[in-house]
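Features as listed in TrEMBL:
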- 119-138: transmembrane segment (TRANSMEM)
- 150-167: transmembrane segment (TRANSMEM)
- 179-205: transmembrane segment (TRANSMEM)
- 212-230: transmembrane segment (TRANSMEM)
- 242-262: transmembrane segment (TRANSMEM)
- 307-328: transmembrane segment (TRANSMEM)
- 334-352: transmembrane segment (TRANSMEM)
- 359-381: transmembrane segment (TRANSMEM)
- 401-419: transmembrane segment (TRANSMEM)
- 450-472: transmembrane segment (TRANSMEM)
- 484-506: transmembrane segment (TRANSMEM)
Amino acid sequence: MTALGGCLSLVTLVAAGILLRATVSLYSYSGHGKRPMFGDFEAQRHWQEVTVNLPIADWYRNTTDNDLLYWGLDYPPLTAYHSFLVGKWAQLQDPKFVELHKSRGITNQGHKRFMRNTVLLADLLIYIPAVLLACHAVRKTIHRESATGVDLLFMATAILYPGQLLVDNGHFQYNNISLGLAAAAIAAILRNRNLLGAFFFVLALNYKQMELYHALPFFFYLLASCFKSTKGFSLGSGLWKLIKLGALVVATFAVLWSPWLGSVDSALQVLHRVFPVARGVFEDKVSNVWCIVNVFVKLRNFDNAHMAIVCLTCTLFAVLPSCVHLLFHSTSKRNFLLALANSALGFFLFSFQVHEKSILLAALPITLLFPLYPAQCFWFLQIATFSMVPLLAKDGLVGPYLGLTVLTLAFLKISLGFLTNFTLKPSFCTLDAFGVESLFKGKRAIPSRWDISLVHLYYASLVAQAMLLLAFQYVPPPPQLPFLWPLLISAFSCGHFVLFFVYFNCQQLLSNGDLKIVDKKDGAVGKTNKRKVK
């Protein structure tokens, strides 16, 4: 593909991404018309109302003008600053959008368009460029032997991922900002710009505290990289690098938190709002281990502080093997991405106060692993979106979910026919309607029995998802089990997530850093050379 063709393809992908996001934006959103609290849409609007009308010292504090029981600000300072900027823009559009007290629950179309456009703007300015940079960094540093076709499918998967579209542009949130900053951090680290990567990650963490899901791999990788170089272990230069890195992180935190560092009480109040232990182990029917355990042992009967310690312990046991492995194998950038995926999945499955939407934190690094494990990553991304069906149904977004899912499968089928990396025919699986066998077998002319078995399992999973969705939508649950279908969807999705957690841990922990990559100079299909993965 020529440079011009590549640019045209990229522009087309970005345009398609914006078009799909704008289309989803036409649908309903979280809490529309549902008094008295409405939903996440109102929460984001209310934060704009609070930040533009109240002094900064009162943003996180309960006052007569800031009732923390009504969507009190509970995200870190960078979210508050973003809410302030958007609130100022809202005042320019129509002061009634953020009028103190009187703007609660505003539902007119002008305000909806304004709010939707702020998310689209964040997609266009932050999320999409950052994800494309991360894809490019993966292409240059990890999967350097891939052909153009895989690059195009890789970028399309990243930009058009239905889960992110449905949550941010449908349900309504700004995950695109924190995920975009995290993607920029990953891109910088893959390109050996560790200070820049640390800076972007601190910004991501200060936008949403859920970026803690990615924090341990960043910490261990950057710590190890300070003391390791091409010449081996270096204590002197390593300490200097560590001092610079620590100073950058502390300075960035200090600047962002400076309005509340004047008193211990103010700083602790922000921390109390950002980490609300009183909320409980999980939200609704999230697809993690605790939601399933709760069927047999009612976790809400236990003290929240006690459960927080249990969750923390289980989470550390789940993620530390991957992170400690990264500490001693930090030269492998593939292991860095795998550790990010393993850490995010471990936190999602075992940590405290987990939301359905938090699966997007695992989806980001797994998306970036697509060139290395295309079938597994495609499968994960699909089941991750399905796991949020109960949430999407509340917002009237099942239609867009179905449309995007079918579009994704159709795009996969069509695009694989144009790729040089995969061979669609002959197919050894008669049930392979969407060509996923090509993802499992890669460049092998004949799939193994294991490949065929995985294809069958994938379609069994797809059929089970369809059956659960139909039951959820059209079959009334037994009166004594009113949450039967959401719980089955959660358990079904959780089972997948556990298996993927095991799979990606095995890929990291049992690997010596080598990976078979197609050699462009080798004309024979299926022949590979072992290359050291950075």
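Residue positions begin at 1 at the first shown residue.
Including glycine, each Cβ sits where the backbone N, Cα and C put it.
Automated prediction, rather than curation, is the source of TrEMBL annotations.
Proximity of the transmembrane segment (450-472) to the transmembrane segment (401-419) is not established, fewer than 3 Cβ-Cβ distances being under 8 Å for residue pairs spaced 6 or more apart. Count of Cβ pairs under 8 Å against the transmembrane segment (484-506): among 150-167, 179-205, 212-230, 334-352, the largest is for 334-352. By the Cβ criterion (distance under 8 Å, sequence gap of 6 or more), the transmembrane segment (242-262) is counted as touching the transmembrane segment (179-205), at least 3 such pairs being found. Most Cβ pairs under 8 Å to the transmembrane segment (179-205), among the stretches 150-167, 212-230, 307-328, 401-419, belong to 212-230. With a cut-off of 8 Å between Cβ atoms, the residues of this chain six or more beyond the transmembrane segment (307-328) that come close are 216-217, 219-221, 223-224, 277, 280-281, 289-290, 299, 335-336, 338-339, 342-343, 346-347, 349-352, 501, 505, 508-509. Within its own chain, the transmembrane segment (334-352) has Cβ neighbours under 8 Å at 138, 142, 186, 189-190, 212-218, 220-221, 277, 281, 288-290, 307-308, 311-312, 314-315, 318-319, 322-323, 325-326, 358-359, 361-362, 364-366, 368-369, 372, 494, 497-498, 500-501, 504-505, 507-508, 511, 513, 515, 533-534, counting only residues six or more beyond its boundaries.
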